[in-house]
């Protein structure tokens, strides 16, 4: 096989598929984030009843993102989506300080789940465009993220509305999928 045919074969190689689970409390901005990633209109978003799935191409990956509703009545069903998750993205409303304890409890429970053990986690500290938003460093400290030892993790400031910080988070995702799958 000549060099040219090898290059053609590499070029036509399909993107590596990655299963991403997008979780967080209701109104954290998960669906807005997903639509921002897919370059879709974000002006009319309603609470997710059940789930949304979108595939997004990024850096040689086909990211299959499962956006699961965050209302309290839906959260018990989250576990039905854990299987074969490559990356967990957890979205926090940085401006809703009254719910930091609740979101911290939910995240801690997710990190204890056997089916999610060792799965890299990206925490998006969303809504940074709001004046009342807590900085990512304060959220990381409040959630004791420094105690996470069984997986790689990252907290990323972002605004799903403006798109700021979203690409930085997705770059981290693509880097860590590669590291995990080697």
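Backbone N, Cα and C atoms are what each Cβ position is placed from, and that goes for glycine too.
Database features (Swiss-Prot):
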- 2: N-myristoyl glycine (LIPID)
- 5: phosphoserine (MOD_RES)
- 24-31, 48, 67-71, 126-129, 159-161: GTP binding site (BINDING)
- 31, 48: Mg(2+) binding site (BINDING)
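Structure with Swiss-Prot features highlighted.
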{"residue": "24", "record": "GTP binding site", "Cβ contacts under 8 Å, 6 or more apart": "30, 70, 90, 91, 92, 93, 103, 106, 124"}
{"residue": "27", "record": "GTP binding site", "Cβ contacts under 8 Å, 6 or more apart": "47, 70, 93, 96"}
{"residue": "31", "record": "Mg(2+) binding site", "Cβ contacts under 8 Å, 6 or more apart": "45, 48, 52, 67"}
{"residue": "127", "record": "GTP binding site", "Cβ contacts under 8 Å, 6 or more apart": "29, 93, 94, 95, 96, 133, 159, 160, 161"}
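When each of the binding-site residues 48, 159 is scored by how many other Cβ atoms sit within 10 Å of its Cβ, 48 comes out lowest. When secondary structure is read from DSSP and collapsed to three states, residue 48 (Mg(2+) binding site) falls in the coil class.
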